[in-house]
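Undergrad: One structure, pasted below without further comment.
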Amino acid sequence: MEGTLIAVKSLHGHTEAVQELIFSKNVNELKIISTSSDETVRIWTVGTGKQGGESLLGHEAETRGIAISTDGTKIVSGGDDGKIIMWSAETRAIISIIKPRITAGHSLAIESLSFSPDDKTFASASWDGTCTVWNSETGALLLDFDDHQAMVDTVAYSPSGVKIASGSHDHTIRIRNTHTGERLTQPLLHADAVRSLVWSPDGRQLISACEDGQIYFWSAPTGTQLGSPLQAHLDPINCMAISPSGSLLASASSDHTARLWNTVTRQPFGRVLQHNDGVYTVAFSPNGQFVATGGEEGIIFLWDISREGAIATDASSVSPLHAAAIPHFTGDVDRVRSHWVFFGMYV
């Protein structure tokens with residue numbers, strides 16, 4: 001399928017680049033949480049396309065990493081000020097602030113964050129080349145990994161919570177035991193800096209993206225590379241996301257596009273998600289119907305990918321955003337096209 005998809009909504013409010021975004025866990029009221037070079041964390045209500053409430057203020061420099069707990073009650077953010085702030089997702093109040101530069105842990109910017117599936121711990125990755133595991137209740141440092149030889153851009157717990165993977169500008173991924181810190185495989189070698197990684201929902205595959213625009217597929221138990229890398233973009237890939245079903249992969253690149261891929265065939269899926277500048281972040285909604293992207297433009301775009309082909313979504317979970325906006329047709333193709341353009345879907 002050729003061409004470009006038209007965004008369903010665009011969310012305006014950030015005054016500088018959107019660094020990272022995630023969806024909330026509440027499918028009844030879909031929200032997006034974002035970080036930005038404007039030093040704020042913002043929460044958006046997808047149904048209205050508006051920011052819900054005031055921005056979350058507490059960082060003193062660009063905000064970067066963001067994660068939400070599995071139960072949806074806590075948010076952690078990190079940024080160039082080296083602080084990690086935990087927020088209440090409901091009240092938006094600050095629960096705690098960790099200052100690794102003063103206490104222990106990182107000495108530079110916090111680039112990536114990830115909650116464990118049981119929410120008891122979270123992990124952070126830093127430009128100083130370290131990964132750290134924290135107690136999410138007390139803020140105590142539990143484990144500190146310093147075996148990367150360059151800045152670490154990405155960290156993620158496995159779906160089981162038993163493993164934690166980190167990707168670095170030293171061209172490697174390292175997989176460790178979450179509880180002991182023991183390295184479980186040899187370093188996974190890449191041709192360039194590792195910018196993003198995601199686990200398959202069953203935890204058996206690890207997928208990584210590089211500065212050179214390539215995507216790698218790995219066996220998580222053995223660390224064996226699965227086939228040749230996919231040349232997904234010509235410019236650096238800044239972020240990836242995997243759909244809840246594991247059937248689709250999304251990649252966001254400095255080439256001004258985000259793209260969708262079939263994880264089995266590794267072929268492009270649907271149309272290109274076109275931006276006017278670099279795309280830094282991408283995320284799937286909890287039911288897999290929507291993809292959100294953001295980047296240098298400072299705007300968050302929402303895309304409905306459910307009409308791009310057969311993808312695994314929960315039909316009973318269609319967002320109210322489109323429940324009343326999707327007409328039924330028995331007429332010709334041109335008439336159908338005109339309706340999709342009117343409703344802000346695609347051309």
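All positions are counted from 1 along the displayed chain.
Glycine too: its Cβ is placed from the backbone N, Cα and C atoms.
TrEMBL feature annotations, pasted as is:
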REPEAT    11-54  repeat 'WD'
REPEAT    56-97  repeat 'WD'
REPEAT    103-144  repeat 'WD'
REPEAT    145-186  repeat 'WD'
REPEAT    190-228  repeat 'WD'
REPEAT    230-262  repeat 'WD'
REPEAT    272-313  repeat 'WD'
Undergrad: Give the nonlocal contacts of the repeat 'WD' (11-54) in its own chain as ranges (CB under 8 Å, at least six residues past its ends).
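TA: Beyond its ends, the repeat 'WD' (11-54) has Cβ neighbours at 60-68, 70-72, 75, 77, 79, 85, 87, 89, 92, 239, 280-281, 283-287, 290, 292-302, 317, 319-321.
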Undergrad: Reported in the order helix, strand, coil, what are the DSSP residue counts of the repeat 'WD' (103-144)?
TA: 0 helix, 21 strand, 21 coil
Undergrad: Residue list, the repeat 'WD' (103-144) vs rest of chain: Cβ under 8 Å, 6 or more residues beyond ends.
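TA: For the repeat 'WD' (103-144), the list is 61-62, 64-71, 74, 76-84, 86, 96, 150-157, 159-161, 164, 166, 168, 170, 178, 181.
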Undergrad: Quick one: DSSP breakdown of the repeat 'WD' (11-54) into helix, strand and coil?
TA: 0 helix, 20 strand, 24 coil
